[in-house]
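Q: As annotated in TrEMBL:
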- 290-582: domain 'G-protein coupled receptors family 1 profile' (DOMAIN)
- 274-299: transmembrane segment (TRANSMEM)
- 311-333: transmembrane segment (TRANSMEM)
- 353-375: transmembrane segment (TRANSMEM)
- 395-413: transmembrane segment (TRANSMEM)
- 480-502: transmembrane segment (TRANSMEM)
- 531-549: transmembrane segment (TRANSMEM)
- 561-584: transmembrane segment (TRANSMEM)
Amino acid sequence: KSYYYEAFEIKVIENRYYKIWSNSTIDTSGFIYEDRFDPLNPENDLLDKNDDGGSDLQFQFEIPLYNGTKYILVVTTYHPANTGQIEIHMSGLKNVLFTRASKSMNIRSNYSSALTTSSPKYCRDYLTRSYYFETLQINVMKTDSYDIWSESEIETYGYLYKDDFDSLQPFANLIAEHSGKCNNHQLKFNIHLRANTKYVLVVTTYHPNETGKFNILISGDNDVTIEYFDSKQRSCSVGDRCHFYSTTIGLPLDDILRGEIRDNVTLSNQSNSIGISSAITILMFIGGMINSLFSYLTFQNKDTRQVGCGLYLLASSITSLLTISMFLINFWFAVLTQINPRTSFSILRGGCILIEPILKLFLYCDSWFSACVAIERAIQVFKGVRFDKNKSKRFARWIIFILPLCIIASLIHESLHREMFKYETETNRTYLNNDKSTIKDEFESENNKTSINTIYQSIINPHISCVTRYSSSIQIYNIVILYFHLLVPFIANLFSALFIIFGSARQRSVAQTDQTYIEHVRQQFHEHKQLIISPIALLILSMPRLIVSSLPGCIRTSENLWLYLISYFFSFAPSILIFVVFVVPSKTYMNAFKSLLDSWRRRIHQ
């Protein structure tokens, strides 16, 4: 209901009770506000109200007023849309500043547009996803109060955001909203805006699927700019407008490629990023298979397994083979299941829960077995002739058995928090047809004056994605585990290598006094430099994925797709370099490998 009103500003000099009353032939009502009055929110800052406190259906106040405080008296009627003359009386008027509060309209900006069937849709209330909307950016030159309102034939609904707007999270950054109530079904804000701050106004409708033209006007005492704002959906958000999921931490392949793979499109017609990634995956798999096979054959020789190091490297060659195999399975599972949306739900769920955690298990086993090799070599230098080879092998067998179990225990939370996320997306299609059974717009051609029907059709597309939902405590634990499985093996590798170099140099400096300790250190570093270079190289290859995976908040993979893809591929490089890192630099291991090749040649030529 609409009520006419007048607003008056009151300032007093003396602190005391004042009497304020009306005299009119119509039924009046009065409201007193402290500091400010917002007609769209009449309950805010309300100090007192009165309807029939005086005689003949007139309002009357007896209220204490204080110096230094601004009061707003709003005079209106008891019945809506009622008009007439009203006299306002106030005791002690000589000591009171009484002025009309209504200001002349000072329009600073005017923006015209329209919501059409081509406009984006979103779910403004988490219930219905069919509200067309447009986003506008507002910038003010000076911090002050401003009026923002719409003029339209449709019923408008407005939302005002600070800094940014995400259509999948319509209540994030929200500072005000107005449904058109008390303003003839038109959005309106009387709000305090700050300079050098970005505000986003979302203009939508009160009813779903409603379209039409609108004007946005802004008034105030200072300059204001208003312009179209492109609110692109964040690529890390998955889902429809009423049900969504946002990735926060971790860098699974599904999240990287999700926006790149097109449903029901053959692999040859996919984007270049998918084609190149497929080629890289196949090449890495072939290289990793050759590497793992050579390493496995090398450490099958008993001469290479005289101590625990040989057993660790034999186990590492097996986990390397398993890692690169799961790497291939993970890539093609992610690609093919997204290309074919009709994949069985049980297959999708099984792949979601198992593939990524198993891949991490083998990857982390590789890192830890490499660290075990470095630690045992350091112990061997430390003990010298007292080093027990048989005890070393027994201990290595226990480590190879226990270590994977410990890694599984540290990763069990991933499978428990992985789930399938179902959602739908809506695609609007426009085409020409003479069929009048569907919703259409009719217009006449300027040339032939014939009637053409424009058909608007909405197509609902179902989707299923694998997502991980962590609580804040589990997310912190996940970060700790991520760093632990990368940094601790690296530190073990690096410090073991330094201990081997400086420990060997110390022992030789005692036995060979013709050289200084520093000269022995340089000589040992030259002989064992691969022990320093290898862990640093492995860390550098793994660091990009670690850094990207631990970034807080939303990761927009579409903006830097190749950065994330290269980081992902690099993290598996250590698994395809076991032979290069451990066998090639060692004369013992290379002799064993060469003798194996020689035996094969002899068998072939026999």
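Cβ from N, Cα, C; glycine included.
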Q: Using Cβ atoms and a strict cutoff of less than 8 Å, what residues sit near the transmembrane segment (274-299) while being 6 or more residues removed from its termini?
A: 257, 260-261, 267-268, 305, 310-311, 313-314, 316-318, 320-321, 323-325, 327-328, 331-332, 335, 565, 569, 572, 575-580, 582-583, 589, 592-593, 596
Q: Where else in the chain does the transmembrane segment (311-333) make close Cβ contacts, counting only residues six or more beyond its ends and a cut-off under 8 Å?
A: 253, 277-278, 281-282, 284-285, 288-289, 291-293, 295-296, 298-300, 304-305, 351, 355-356, 358-359, 362-363, 365-366, 369-370, 372-373, 376, 393, 396-397, 399-400, 572, 575-576, 578-579, 582
Q: Please average pLDDT over the domain 'G-protein coupled receptors family 1 profile' (290-582) for the predicted structure.
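A: Across the residues of the domain 'G-protein coupled receptors family 1 profile' (290-582) the model's pLDDT averages 77 on the 0 to 100 scale.
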